[in-house]
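Trainee: From TrEMBL, here are the annotated features:
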- 86: active site, nucleophile (ACT_SITE)
- 175: active site (ACT_SITE)
- 177: active site (ACT_SITE)
- 202-399: domain 'GMPS ATP-PPase' (DOMAIN)
- 229, 230, 231, 232, 233, 234, 235: ATP binding site (BINDING)
Ligand code: XMP
């Protein structure tokens, strides 16, 4: 499904993945809706999307390289304002008859820029004649196309920006989208609001209204089912659907017994007391315990847990159908980066084109659902903001990543009830202490994930025992391993340099409060070479 907002659209033509996402984020931060499209989009496709503005991103290629991405020249003839950054400026220049050359030494980092427009450029507006900008390029425009004026330069780069105000075509060699360009934000505002006449109307309220209307329109009087894990994405989908269709939504919470301490109760509490949906709590703890009884191998644990989840889930769908409430739609917490990364969408069109979903297994014979994916336009932190606006509690909105197979992959070796109990209790202490530490860091720095705060933290229970002494008695018990990492995307991570007093408190509390544990070790390995999880 698509929840395309009603406010006006800015498309970011992407010449190199990470650049486009950052620009779209900046535009959205200014309350203007923005989507990323691949650079092979045609003028006709752009015209169908009818954007109010087009931004051409940077990219790693050289415009004259053999396989360099190009742009459909017709895009510049549509009468839609265009702003190009870096590669975006170069491709605009060569497409419209200018030239690009190799500069001697390139230009990287902060560079002093001088305006050459004598105050006439609407893009620069009131910003100073001399300003600092962020450059990162080897090639640069040597000659602007006919009809363009050069509006700024640096020592290295004679055409640091150019424009043809009459056709509303603007471009900069530098990167206004990065924070290191102090006036970059103002330039973007000048383009969106001054030159394109957009309004900052893409706000949380309008987003929720649009999403709710889209869900209602798509679902009509049919029923929707959702696998609720307690994670951010599925919870926000549940809250949105609750607002849109109330009891036409059935939230299925499969309790595999592998969640953290108190989590099942917290999820049930929110979705029975706060939201008026049909909530089904499937107590599958015993079935999972039996299935996992002698399993040691991590991938086998994952397979068993994943396939049992769908068995439990489809059983609920079947029961609903038998009870005269057949389900037509399956709601999923797919978010925008999933879509961009899977390359599923070309022109901001329909999410129905998504085929291979990472958290969707093939339906069994005879089972079919249409997908409904209300978050398919949103980045992760927008999803969190949406959750807060919908009234979800902080412990859900700011929940750390937590693996689907849960604590089973944080218990090395076989999973038993005794080990689960130990791990849940130790993990609760880790979370309590490090939550408190993060709050202190947040108060001091104003950042949730600053250099000193921790991104993900948990306890691991290895399959060994060691000797200790408590009181006058010898003990032979499990150690707990503390894992706490700094990261931004889980692709790489470093172990958190926690203050000694925090480590000391976690250790002494676990040993004192969790029976069966007599030692605490801290994992001081980065990813790579290790992974964040132990299995
Ligand atoms: P690793 O251990 O690969 O973890 O460094 C990277 C991030 O992914 C989370 N993770 C999982 N999430 N299902 C999930 O939904 C899984 O099977 C799974 N394994 C790891 C992990 O917590 C970390 O944030």
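Each Cβ is built from the backbone N, Cα and C atoms, and glycine gets one as well.
Keep in mind it's a predicted model, so treat the numbers as computed, not measured.
Just tell me what is around each of these and how deep it sits.
Mentor: There are 28 other CB atoms within 10 A of the CB of residue 86 (active site, nucleophile), with all protein chains counted. DSSP assigns residue 86 (active site, nucleophile) to coil in the three-state reduction, placing it in neither a helix nor a strand.
Sequence-distant neighbours of residue 175 (active site) (same chain, 6+ residues apart, CB-CB distance under 8 A): 58, 85, 86, 133, 134, 135, 136, 181, 184.
Applying an 8 A CB threshold to same-chain residues 6+ apart, the list for residue 177 (active site) reads 19, 22, 23, 26, 85, 184, 188. In the three-state DSSP assignment, the secondary structure recorded for residue 177 (active site) is coil.
Counting every protein chain shown, the Cβ of residue 230 (ATP binding site) has 21 other Cβ atoms within 10 Å. Following the DSSP three-state reduction, the secondary structure of residue 230 (ATP binding site) is coil.
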Trainee: Going along the chain, which residues six or more apart from residue 235 (ATP binding site) have their CB under 8 A from its CB?
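Mentor: Counting only residues 6 or more apart in sequence, the Cβ neighbours of residue 235 (ATP binding site) under 8 Å are 228, 267, 270, 387, 392, 396.
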Trainee: Over the domain 'GMPS ATP-PPase' (202-399), what does the predicted model average in pLDDT?
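Mentor: A mean pLDDT of 89 is what the predicted model shows over the domain 'GMPS ATP-PPase' (202-399).
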Trainee: With every protein chain in view, how many other Cβ atoms are within 10 Å of the Cβ of residue 234 (ATP binding site)?
Mentor: 22
Trainee: Using the Cβ centroid of 229, 230, 231, 232, 233, 234, 235 as the reference point for the ATP site, which residues of the same chain not in that list have Cβ within 8 Å?
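Mentor: Along the chain, the qualifying residues are 228, 236, 333, 396, 399.
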